[in-house]
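Quick look at what TrEMBL lists:
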- 1-22: signal peptide (SIGNAL)
- 55-165: domain 'Expansin-like EG45' (DOMAIN)
- 178-260: domain 'Expansin-like CBD' (DOMAIN)
Amino acid sequence: MATNSSHLLFLCLTTFFTLSFAIRPKHFNLSTFATHWSTASATWYGSPDGAGSDGGSCGYGDAVSQAPFYSMVTGIGPSLYNAGKECGACYAIKCTQHPSCSRKSARVVITDFCPGGPCASDHAHFDLSGTAFGAMAKPGQAKHLRDAGVLKIRFARVKCDYSRTNLVFHVDQGSNPNYFAVVVEFEGGDGDLAGVSLKEESGHQWLKMVQSWGAVWKVDPGRELHPPFSIRLISQYSEQVLVAKNVIPSGWSPGATYRSVVNYV
């Protein structure tokens, strides 16, 4: 009887975890579930020790080569890019089959899109920066690993951790008194966003922002906006709400970057 009960408990737990990853339920927390590894292919682009491209299709610009990204970034195929909605998501990657593989995992952030070749044909493909690709190698063997061509890897969605770095808002160059767009950078926890809203200084309601492209969110109310602006974020996996109060000041400028005092943990 005890054996049957244990078997039933195992089946229940297996079903629970399978469904949890399949349906992405509300309040899902990446840090509280076992790491779920899958198989993908990987290549690299840009310079051997670089950040791939200067910013990529998510709109992060030269931040990709600076802290806290440190060039540990990746372009991603259509299946995971999800029309830019997954910009900022973090993945653990590792390789085990090539002789130069360390078998240790490294964490990368989605900052770019890879549209063709194996990126489009494979069920999951990571086009990594040279830095990130080399991070999967044994010490001193990064060059040998980068010479491998298309590499089979393991990957898992993981929590983003930007210790001691708060959310940053980079105002899009096209913003003006009647139209406001912003790049949201360094979201901890889930990493990607389900929704963004803006509230004016004297406003009592949140204005829904829509994804313009990549990590850029915009609002176009058809009238003049009155700063300072507070920005409310909803995380993609756990649907946690976070408010950066008055993060965009009066007298804000297009192209300027404003740092908040909050972040997901």
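Any Cβ shown, glycine's included, is placed from N, Cα and C.
Automated prediction, rather than curation, is the source of TrEMBL annotations.
Mean model confidence of the domain 'Expansin-like EG45' (55-165) amounts to 94 (pLDDT, 0 to 100 scale). Counting residues of the domain 'Expansin-like EG45' (55-165) by DSSP class, helix then strand then coil, yields 26 helix, 33 strand, 52 coil. Sorting each residue of the domain 'Expansin-like CBD' (178-260) by its DSSP state yields 0 helix, 44 strand, 39 coil.
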